[in-house]
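Some notes on the structure that comes next.
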Amino acid sequence: MTLALISTETTEEPSCKASVAAPAPKGGAQIGVKAARRPSELLQRDGAHDVAVAIPDDFELDFGGTLTQKRVIGRLHGKANAPLIVVAGGISADRYVHRTETKGLGWWSGAVGVRAPIDLTRFRVLAFDFAPEFGEDVKDAKTPLTITTQDQARLLALLLDHLGVEKVAAFIGCSYGGMIALAFGELFPDWAEQLVVVSAAHRPHPLATAWRGIQRRILQLGLETGRIDQAVGLARELAMTTYRTQEEFGDRFDSEAPSHAGQAYPVCDYLQARGRAYRDRTTPSRWLSLSDSIDRHRVEPEAITAPVTLIGFTTDRLCPIEDMRELADRLPNLWRFEQHASVYGHDAFLKEDKLVADILTSVLKDIDQ
């Protein structure tokens, strides 16, 4: 197995030349096994670097089978030799958590940046691409992949292992990334010094599963009929109605009817625009895989011994606050539980910049430099 630096695109942070680390032993069964780890030279360089790690041939998924992709890709940001923070987001998130010149704003630029709550002058940040892989050069699979949050956590562990990360100072996971953080804490109880879980619980809520099930059937219908773009757009429209609250929709959109039946209402125009914008962000097969992974998610809270901070929103319909309260009751080492209302519902972690910034700043303030 090799560790490689790839994609040396220019960013606002200084980048480095491509390099390859010494080969590491193969064997998916050995991921995360406690051993002396020597920090990779990549951790000793400032700036943004993509890192690719080969996936062992014996890396088996929880429900059987193997990955067709050959590597897992992460991206390092921030200060060399600084405490490392892992950041993971929803199923639309990727390794570009921070802005770059070619990609524009990262998916969480409001929280990750120079002098931001997750301060790149103070921390080293690692984000990674979830499996199955996606990109212009990746052929879409004919069938969805059955993958769990534990599988994703083990892929992350491959990156950490071969970067030589002895301790993760904090794993901050939001939505699907929060589920992965919980799975990581369950599988590797001593690797992360703390978990920060935002808008995620130990299991999905059945009503949220029902909504995602409708989205999956729309995607499957698109595959069967060859109307893939329309299916992705329509499924995204439905998803958008579950992310936000009725208060936000009520404040943003006029309920006045158009002049003729069959014409779009203003709120429908908005949803259709969001659906069209999402067509290039995913494929039906990948969306089916990750949507199913959310609904397959299960962890035993009692097995998570690392200190945990929970951040939940009382208006979140996808991850109801009651589920997070149950999680809080069952965690053996709950540090704090932040509960707030937001008109943005499940998307609050992306939209409530000041609120999230204040919480993260407080949570991370005592990490040693």
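In case you wondered, yes, glycine gets a Cβ from its N, Cα and C as well.
Some features that Swiss-Prot has for this protein:
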type     : residues : note
REGION   : 90-93    : region 'Important for substrate specificity'
DOMAIN   : 107-353  : domain 'AB hydrolase-1'
ACT_SITE : Ser175   : active site, nucleophile
SITE     : Arg212   : site 'Important for acyl-CoA specificity'
ACT_SITE : Asp316   : active site
ACT_SITE : His346   : active site
Assigned element (helix, strand, coil) containing Arg212 (site 'Important for acyl-CoA specificity'), judged by DSSP: helix
Candidates Ser175, Arg212, Asp316 (recorded positions) with Cα within 10 Å of His346 (active site): Ser175, Asp316
Sequence-distant neighbours of Arg212 (site 'Important for acyl-CoA specificity') in its chain (C-beta under 8 A, six or more apart): Ala239, Ser291, Ile294, Asp295
Distant-in-sequence Cβ neighbours of the residue listed as 'active site, nucleophile', under 8 Å, six or more positions away: Gly89, Gly90, Ile91, Val198, Ser199, Ala200, Leu318, Cys319, His346, Phe349
DSSP residue counts for the region 'Important for substrate specificity' (90-93), split into helix, strand and coil: 0 helix, 0 strand, 4 coil
His346 (active site): tally of other CB atoms within 10 A of its CB: 24
Three-class DSSP secondary structure - His346 (active site): helix
Protein Cβ atoms within 10 Å of Asp316 (active site), excluding its own: 28
Reported mean pLDDT - the region 'Important for substrate specificity' (90-93): 97
